[in-house]
Structures are given as C-alpha cells and as structure tokens.
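As structure tokens, the structure follows; a few thoughts come after it.
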Amino acid sequence: MGGDPGDGRPVSREEFARALAALGGFEPAPAIAIGVSGGGDSVALVLLLRHWVAEWGGSLLALTVDHGLRPESADEAAAVGQAMARLGVSHRILRWDGAKPSSGIQAAARAARHRLLGAACAEAGILHLALAHHRDDQAETVLLRLARGSGIDGLAGMAPVRADGAVRVIRPLLRFSHDRLLATCRAEGVDWIEDPSNRNPRFARARLRAARESLGGEGLDAGRLSEVARRAGRARAALEQVTAALLAEAATVHPEGWIALAPAPLRAAPPEIALRALGAALAAVGGPAHPVRDEALERLLDGLAEGQGGTLGGCVVRMRRGAVMVAREPVAVTERPTVAPGEAIRWDGRFDLRVSSSHRRPVTVAALGADGWREWAGRQAPKGVPDLPVPVRETLPSLWTGADLLGVPMIGMCYGFDADGQHPVDRARFCPLSSLGRPAFTVVSDRDGII
Ligand SMILES: Nc1ncnc2c1ncn2[C@@H]1O[C@H](COP(=O)(O)OP(=O)(O)OP(=O)(O)O)[C@@H](O)[C@H]1O
C-alpha cells in the first residue's frame, strides 16, 4: 500500500478522493489553500483538488512563495499565477523579504515558506493548507532520517496531517509517485516548471535523490521506503496512545504552567513510554521547539532516578516535593544585571521574561526604585499574582515557578508603570526580591528591552 501500483498512470479522481477522505477533518465545502511552486507535483495537486472541489464543493486558493533567491524567481511566480488564472484558480504570490542567511539557505527558505503560507491562510481564514509532497519525497525523508539514526518517529517520515497553529497542513499525495503526478499534468495538457534547486547537489535532499537514483534496486525502492514510513507511523500512533494514558495517570498540570509527574508510574512504564511522557511534558511547558534526541531524555531520566535534576531545551526538570517537576528554565539571557532607578523597559506586548539566580551580581533595593517596591508590596499578598495586563500576568507565574524550582524564597516583586499609572503595555519594570530583601533574581527580557 506504500507502493504505487499504478506507476506511469495519471492519478484518477477516485484515487485522489479516497486519499483525501483518508485524511478526514474536512467541513462541508471547505476552503483549501495549496502551496504551488509551479513544479509538476503541486500543479498536479491543483488539478486534482480542482476536480474534487467541482464535485464536492469548496474553494481553492493557490499560494506561491517567491523566495527571491534567483533572478528569475519573480517571473516564475508570475508565470504560476498565469497558469492558475487559466485554470480558474485564485492565486497569490507571497514574497520572502528581508536578509537571507549566507549558509543553511534551504532550511531558512523552507522555514520562511511555511511561515508565509501559514500567515496567508490565517489572513484568508483558511483552515487547510495542502502541500504536494509525494511518495518519492517520503522515501527520501525516510532515507535521510535513517542516515541520521532516527527512531520510530523519524522513520514515520512526513505526517499526512499536521497541525500548524490554526492551520491543518495536509499532504494528500504521499501515496502517489512523482511519475504519476507528472502523468496527471500531461493527461490534462498542463505544463509545469522544473525547479533547478531540486537537482542542485549542494542540498541534502538533492544529494539523497541522486544517491537513491544511482543505487536503485531492491533496497532503495521508493515504494518500500514509504512503506517503512507507513508502518513506523502506525507504531508511533500506538506509542502515543499508551503515552497519553500514562500522562493521564501521572501528570498534573499546575495552574502556573509547570507539570508534576508522579515518579512511580513513570518508573513502572517501559523506557520508551517514560521517555515519551517526559518529552511530552517538556513540550507542554513550552520546551524544545525541535524534538529532543532520545539520549538527552535518557540522561535526564537516569539523573532523576538518582535524585538529580537537569535542564533540557530551555526547561528545568527536577525532583521536588516527591514529584518530577517540569518547567520552563529560569535563565538569564543578558549581561545587564541591574535596574537603574526609574529605568523602564520597552515591551512589545509579547513579553518573554526569564529569570536567573543572581546572588553573584546583586541588585540593590535602591537600584530597584524603592517606591515601586513598597507600593507593590503594600498591596499584594506574598505569592499573589498582581493584577496586571494579561500578557504580564501570564509572565509572572513563570517567575514564581523559577523561584520555586531553584529553591529560592521570593516574597515580593517590584514593578512600576509610567507616571500616569495607566499600565501602558509597552513600559513596565520588574524585580523580584528574596525574603531577606536581597535580590533573588535578575529579570531579563530576551528581546530588545532589557531590565
Ligand atoms: N515556492 C513555493 N511556493 C508555494 N509552495 C511551495 C513552494 N515550494 C514548495 N512548495 C510546496 O511544498 C511542497 C514540497 O516542496 P519541496 O519538496 O520543494 O519542499 P519541502 O519538502 O518543504 O523542502 P525539502 O523537500 O527540501 O524538505 C511542494 O509540492 C509545494 O506544495
């Protein structure tokens, strides 16, 4: 089933309808955006979705990202627009502006593309974004992951459905070969553009493609490789289900955002499940953006068994009050430890504060602006969350959590506002203190505005 028995034949409307139905999750007459590079795969996806929408209802918006990496890219994007117009499909060009990195350009372009496509969907109120990855892409993904020593999750390859914020990214073509997609275009007499970067051996995928093509033969058959992905995907779903059951039993989500895991069920679980539970808890508290390598999680679990904590991907994990506590790591990200009296920080509304133990770099009460401190301390109960604009209020619990995890008592937090007292969202200053009146933490922002 991972293979594509109809090699060489165009993909039929029925086959495509089945593939789409297998993804589930469509409302009646859905609006669907399509990432269209203008290559044969994405043009075939447009053709197939166009028929599907004609039969089942809905609307399409083709989106082309102009990465601006080659002089001819703007013309190519415009040509895609003309092709879409001929097909009667709405089209938008999204430009990747701004500085381009000198290395890792493929990865940066991909990240920018996903960001732009997601933003365009959100702007248009579209929930489904269809991409034209196909069976051979999946096979290459599996090979790439094999070469990197991935486990089950990596070998499951690209997910047919993935949530990206409010947008559902769908890949309905994963079971069809590139050849069949080109045949689909040919059958309808529609041209496509060949992307030169697909053949550029500088890039990992292109290198693998070349390797796969040159080796050929049994072992690297694309159908079998995508079958690996399908089997691994099934295994992963089972493991995730068992992990969810363990978390339901063992995890308590604290209102302040950290998670406590009961150690007994964690210890009793098979290591694979315990690792996944810990990884899920880290992700849930806003931890690593990328999947953590197993070895790092293993080290952390081993350390916990011996009563030691550790940090991973911006999070702290340690034994506390008989439970494994998982929380965002309180770390300093600035070299400026002090707050000048009356100094204010700039704040863009998405305030991301971190804290650090900073006894070595003391901040004096005087430097904090004693008035602000006294005013606040007089009004707030210790450990209360001050009545602040929402983004700030969301931030404060992580300060308390940080204090708690580091075992440093905090009794107060000093902050101030502009003279008009209107709680303007772009100016505020903070400073938590220890119970001895000495600063327990330096509060810093990892944005421009630094306390
Ligand atoms: N410039 C683009 N504009 C819009 N959509 C694009 C563009 N490039 C690619 N896509 C979409 O992404 C799909 C996959 O393309 P491609 O394989 O080149 O990218 P990728 O898988 O995201 O990156 P890589 O293959 O390097 O991991 C295309 O079939 C298409 O649906």
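Our numbering is plain: 1 for the first residue shown, then up by one each step along the chain.
The backbone N, Cα and C atoms fix where each Cβ goes, and this holds for glycine too.
Per TrEMBL, the feature domain 'tRNA(Ile)-lysidine/2-thiocytidine synthase N-terminal' maps to 32-210.
Around the Cβ of Ser37 (ATP binding site), a 10 Å sphere holds 22 further Cβ atoms from the protein chains shown. As annotated by TrEMBL, ATP binding site applies to Ser37, Gly38, Gly39, Gly40, Asp41, Ser42.
Only Ser37, Ser42, of the binding-site residues Ser37, Gly38, Gly40, Ser42, place a Cβ under 6 Å from an atom of ligand 1. With a cut-off of 8 Å between CB atoms and residues at least 6 apart in sequence, the same chain places His178, Leu181, Leu182, Cys185, Trp192 near Gly40 (ATP binding site), listed in sequence order.
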